[in-house]
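Trainee: According to TrEMBL, the feature domain 'SSD' maps to 328-432. Feature annotation from TrEMBL assigns region 'Disordered' to 1-45. Here TrEMBL flags 95-113, 332-353, 359-381, 388-408 as transmembrane segment.
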Amino acid sequence: FAMSGAPPLYDDHPGVTPQHTPYPVEGEEYVPATPMHTPPDEEARPIYPTIEDVPEKEEPRKLNCLEKASAKMHGLICKFFMALGRFAVNRPWTLILLSVLFAAICSLGMLRFKVEDEPETLFTPQDSQAVQDEKWVESTFADPPGSIYIYVTAPKEGDNTITKTILQGLMDLSGVVNTTTATYNGETLTYSNRCLKPDGATCRVESVLDYWHNSPALLAADPDVLATVNAGPAYSSLGRQVQQSQIMGGVKTDSSNVVSAAAFQWQLWLHIDKVRVNADQRMYDPRAKEWSLQVSKNVQNYINRNLKQYPYEIFTQQEESGTNIRQDLRKFFMGLVLLILYAMLVLSSSSWIHSRTALTLASVAAITMAVICGFAIASLIGQKWNQVVNILPFLLLGLGIDDTFVITDTLRKNPGPLGVEDLPQILMTRVP
């Protein structure tokens, strides 16, 4: 400090730092250097630490049983992965071939891959009392009949449907149902062998057409259809009185007479004979299903500018649900592609040496094999694929790509030259 012209820091010896105290000059008594900023009325403190300033060494805390077990398990896991890492860097091709072979063997479990699409099985505990009661009812009593519904409205919402043109359109729709055929295992399914016949001869159908005994000729000859509706109750082909609230909706009246209706309901009862098609599926009637789906298609394809028609039955609802799920799969695969492109962009670099774009594809391949192995083993032990786990492959791929980011970032931040033998130890000790 004196040679550099710096201002003196201590009173006794200008230019002296507290880290270097000079020897006393010959003939003078040694006095420890005192900082200039020390107040004159305050006693100077020694510049070297005393024994009182040295902190006592704390004794290590003893671990309890759980902490010891955790440390032991962590040590075993670290040793295993370090050994696996050394094997990977020393014999990469051997490890790759073993991984592919293991994935191929596990993928054989996909031969037992099955899909569970029954809502009652997916969302209702099979050991619940409700399920047990349902099984008892199915085994004790005859199967309840099914139904097909056709709802008819005017072309413009809210308009009156009690008009001859709309009623004639509904009559045509009933004819479409009567002529619908389908096939199941070589058996021809028709209206006559699928409808419910309480008396053994006549199909049970209820609709507003019962006012005209389901006769197109009677309807065409009626000069005032609204007066016919108000004239008296309708009777079905089985002679049963039809409730007006079951065949017309949105009814408006003036005192006691019907003025208009917003919609019609046409209902056909089906004969149901449930069987267990597959050993792992719930019981249902495959013939009723095939014919009902065909009826819904024919009704939807019917074109009449004078009305709008909406078929409904339980099998179409299930099919529609499956169709929507399959459409979601397109978005799912688009998400996978975007995730892979994002990973390639993050791991890329302008340097040919440090760019790890190809590493993304290798990482995705490894994660894909792991996902296939997981689902194959699950299928092998009897687990079924369902719509609840559709997101799992995307989630697992995202977690795997995230681990790739963490590992590559750890290697990038590691200082100094790095050999392949050092990789396992660095990754096991520094990756969080």
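Here the Cβ of each residue, glycine as well, is placed from N, Cα and C on the backbone.
I'd like these features described in context: how deep, what's nearby, how far apart.
Mentor: DSSP places the residues of the domain 'SSD' (328-432) in helix, strand and coil in these numbers: 80 helix, 1 strand, 24 coil.
Within its own chain, the transmembrane segment (359-381) has Cβ neighbours under 8 Å at 99-100, 102-103, 106-114, 340, 343-344, 347, 392-393, 396-397, 400-401, 404, 408, counting only residues six or more beyond its boundaries.
Residues 122, 325, 328-329, 332, 335-336, 339, 343, 346-347, 356, 359-360, 363-364, 366-368, 370-371, 374, 427, 431-432 of the same chain, all 6+ positions outside the transmembrane segment (388-408), place their C-beta atoms under 8 angstroms from a C-beta of that stretch.
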Trainee: Tell me, roughly as an integer, the mean pLDDT over the domain 'SSD' (328-432).
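Mentor: Taking every residue of the domain 'SSD' (328-432) together, the mean pLDDT is 79.
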